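Enquirer: Here's the feature list from TrEMBL:
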DOMAIN    1-20  domain 'KaiA C-terminal'
DOMAIN    29-164  domain 'SIS'
């Protein structure tokens with residue numbers, strides 16, 4: 001299995017997982033009933049961290065309580081009233097994740113992994129499996145999508161149970177996610193065709209800036225990570241307004257760009273398009289996702305719900321497919337994973353069994 005195989009699995013997985021919200025969220029809801037948390041702390045690293053950042057605004061809105069995101073190395077003592085920790089790790093074997101539990105002593109902790117055999121699984125008060133299935137390649141794609149969907153479902157089920165959202169609001173959010181699910185298969189096809197049409201120019205990228213607003217900025221972070229893991233070039237993510245305050249001054253003919261447009265009702269929807277034109281006057285290798293229509297082949301046109309909370313399921317696709325298809329075209333498939341293995345041998349990033357296997 002290669003990255004593109006896992007990308008292709010996302011639509012079917014999404015469709016199967018979405019109706020299982022009550023079952024999937026049971027452990028989280030049970031802990032919420034038992035502990036009545038005043039805040040939720042999502043603890044993760046890598047792609048799981050980017051997932052948590054994308055999930056937090058939605059969870060906070062639905063649960064009507066603070067939802068923070070922390071990398072394991074920054075966990076000292078969770079501040080605030082009665083926190084509930086949710087530790088997220090797709091493989092469940094990251095050494096920084098395993099070490100964080102010592103700092104969470106006395107804090108109710110739910111562990112989420114996509115690996116039923118992960119070392120982290122037994123470390124918390126409760127465990128729940130992220131139903132993404134095995135993903136053997138290093139750069140994660142379906143794990144990103146299904147972990148995000150799982151966190152959304154946890155929030156929706158607990159929000160409905162606690163009365164923070166009405167039954168009608170619950171159904172409206174589920175309807176939005178259902179629409180995103182229905183679009184996902186076609187969007188993957190559209191994205192693959194779009195990448196193929198831009199393959200030559202994308203294969204020459206040396207450095208890429210990825211910028212988005214609000215939810216788009218969270219997606220940009222994962223997009224930049226995917227590029228660095230696979231194409232092995234620098235990728236830097238920015239929040240749109242912050243990008244304008246300095247970083248955009250470094251644009252040059254060898255600095256590619258990818259812009260994740262906000263929803264059309266956002267005041268910066270048109271403004272970001274002006275930045276795209278400015279960047280394209282400097283460098284031709286500049287791409288967008290989020291436009292409703294365009295005759296420029298560099299703009300990836302997808303079917304979108306128009307809802308902010310479904311953007312990650314839509315706008316991450318171009319960066320995922322670029323990372324898989326352009327990497328394969330350049331003969332780089334697997335090279336990033338081999339580099340990571342070399343780094344892991346020096347830094348012990350992943351826990352291993354007595355045979356040295358993760």
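A Cβ is built for glycine as well, from the same backbone N, Cα and C atoms used for every other residue.
Unlike curated entries, TrEMBL annotations are predicted automatically.
Fair warning: this is a prediction, and the values are worked out from it, not measured in the lab.
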Enquirer: Determine which residues of the chain contact the domain 'KaiA C-terminal' (1-20) at the Cβ level, with the cut-off under 8 Å and only residues 6 or more beyond its ends counted.
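Expert: Answer is 131-133, 135-137, 139, 141-142, 145-146, 149-150, 153, 174, 177-178, 180-181, 184-185, 188, 192, 230, 313, 317, 320-321, 323-325, 327-328, 333.
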Enquirer: Which residue counts does DSSP give the domain 'SIS' (29-164) for helix, strand and coil?
Expert: 63 helix, 25 strand, 48 coil
Enquirer: Over the domain 'KaiA C-terminal' (1-20), what is the model's mean pLDDT?
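Expert: The answer is 98, the mean pLDDT of the model over that range.
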